[in-house]
Structure formats: C-alpha cells, structure tokens
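K.L.:
Mind looking over this structure? Questions follow.
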C-alpha cells in the first residue's frame, strides 16, 4: 500500500523514530542511500513561495540519486482547473513521489486519494510536517532523548506550525504547551487529535494565554511569524495581541538553563523573536534549517524503500 505524509500523525511513534534515526545517519553519510538512482524523478510543486523547502528538497533528491522536477503550480494544469485526481494519475506514471507545497489541506488529501506514488506535504495552510521532523531532529541532537521533554510554542496557535508541533512532538513523547492570544487558539479537531495521540505516548498538550507560564522550565521554545502566507489581508490584528508572546531574552530566562530556541524561518526580527535571541547562544535555528535537508531525505527514503 502506498504511504503518504500529509500530516504529522500519519506516522506512528515507531515510524517517526525510525525516520529520525535515519536522518541522523544521512547527516553523517549524505550519499549512503540512493533509492532514486537512475535517476528517477520526483515532482516538486510550489503553489507558495519557498526558500528552504525548495533548496532542501531539490538538493536532497539529487543526493538520493534522483532528479527533482520543480515547478510552480500556475505553470501546470493545476492552475487551469484540471482535477487533482487526474493530475495525480498522470504524475504517478512519471515520477516516484510527489512533493507539494500548497494552500488548503484538502488539496493534498485529494491528490493522495488517487496517486499511486507517495505524496508529501511540503506545507499547507493547516500543517507543516516536514519542518517538524527537522525540529525534532534538531532537538534530539541537542537533548538526546525526546521523550519527556517540555516544548513551548509562542505565537499564532491556529497556524500550521502550531498544529504540526502539537501532533509531531507528542508523537515523540514531548509535552507541548501552546501559548497564544485569545482568538488564535488551535483548530479544535487538531487539538483533539493531538490529545488523543498524547494519551498513547504519555505526553500532554496544553493551551494557554500566559506566555510566562508556558516558558517556565521549558526545554525548547519555538516561535513562528505572526502572519503566515495568505493572511496579510485577513482583517485581524496580527501585531498588538502578539507582543506578550515575543521570544526575547526575558522570556528565555524563564526557561530551563539549557533551553534551546527554534524558528522555522523566515523570521521577522524584532517581532516574534529578537536579534539577541536569534543570534544568541540558545538559538538552534541554523541547525534546524540545515536539518530540513536530512530529515526530508530520510522521509523520502522511508517512503520509497517500503
């Protein structure tokens, strides 16, 4: 059966751990696995702008022996009303995997329903699961075992990073706290799914409007832009309510003395995170960005070699 990676809880705890272990191996030996040798092709489609996702998938696919066919959605029939089901059937005859960065999650679900090759969510409005694999790899590098750690996220609790962190981190046994302003809490269905997964792994999920409480004793502090792509004109005030959730030196000082800070990038320096923290000793942001390459390669190997 073809496996897809559309949201973080598509992986069981054991499957996630296997991928993270493989990511660590591939970081040490980048050319040790070549499931795409030939080269075999991977469709990499972008409906949204990208820097890290584009470079990391393109380079990673090459390191796996393959060829990335990178296009923007508007340059294909995806932008001219061809059904996603028809596109999935056609692409499945050309390539060995489909990597897609798009808008609504329902588009990925529709593509995966018909595709006979793996479909990978490279970011949607609702989830960013490839980023969270890289985040977990980075945390494991700095902290060792993930199980039992405390991760606190600060910012828009309804955005794709908050959703994926809840699902992905609790899968690894990490306790997650989402600190967010009133009116920006996570989607109830995602929160329920995260709590259900947490029950199975011994983790927990908490949502709070108190940033200081969330930071106290945390092992990992994570933030993201206050305005995600496509939200620029949604009519909501995405500045004033978020100032108490800025990741700054004072907030970091409330966390564990060996805490690390993550940000998926791009960052709006001086808004959700200060220069002092981003460039300071607690920052693991640059390792996190690099690990997109290794984590995504591991995911592709896992999907393709099944």
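Heads up, the Cβ atoms here are built off N, Cα and C, so glycines get one too.
Predicted, not measured: the structure shown is a model, and the values here were computed from it.
Found this in Swiss-Prot, in case it helps:
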type: BINDING; residues: 50, 51, 52, 53, 77, 101, 128, 129, 130, 131, 264, 265, 292; note: carbamoyl phosphate binding site
type: BINDING; residues: 160, 224, 228, 229; note: L-ornithine binding site
K.L.:
In Å, how long is the longest CA to CA span across 50, 51, 52, 53, 77, 101, 128, 129, 130, 131, 264, 265, 292, which the record gives as the carbamoyl phosphate binders?
P.N.:
30
K.L.:
Can you tell me the CA-to-CA distance separating residue 130 (carbamoyl phosphate binding site) and residue 224 (L-ornithine binding site), as a whole number of Å?
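P.N.:
Cα of residue 130 (carbamoyl phosphate binding site) to Cα of residue 224 (L-ornithine binding site) measures 15 Å after rounding.
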K.L.:
If you count other CB atoms within 10 A of each CB, which of 50, 77, 160 wins among these binding-site residues?
P.N.:
160
K.L.:
In whole Å, note down how far the CA of residue 160 (L-ornithine binding site) lies from the CA of residue 50 (carbamoyl phosphate binding site).
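P.N.:
Rounded to a whole number, the Cα-Cα distance is 15 Å.
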K.L.:
Non-local Cβ contacts of residue 52 (carbamoyl phosphate binding site) (under 8 Å, 6 or more apart, same chain)?
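P.N.:
265, 289, 292 - these are the non-local Cβ neighbours of residue 52 (carbamoyl phosphate binding site), listed in sequence order.
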K.L.:
Looking at the binding-site residues 128, 292, which one has the fewest other Cβ atoms within 10 Å of its own Cβ?
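P.N.:
Counting other Cβ atoms within 10 Å of each of the binding-site residues 128, 292, the minimum falls on 292.
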K.L.:
Any same-chain residues 6+ apart from residue 224 (L-ornithine binding site) with CB under 8 Å of its CB? Would you list them in sequence order, or say none?
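P.N.:
In sequence order, 153, 155, 156, 159, 161, 162, 263, 264, 272 meet the Cβ cut-off.
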K.L.:
Tell me the coarse DSSP state (helix, strand, coil) of residue 292 (carbamoyl phosphate binding site).
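P.N.:
The three-state answer is helix.
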K.L.:
Quick one: Cα separation, residue 77 (carbamoyl phosphate binding site) versus residue 160 (L-ornithine binding site), in Å?
P.N.:
26
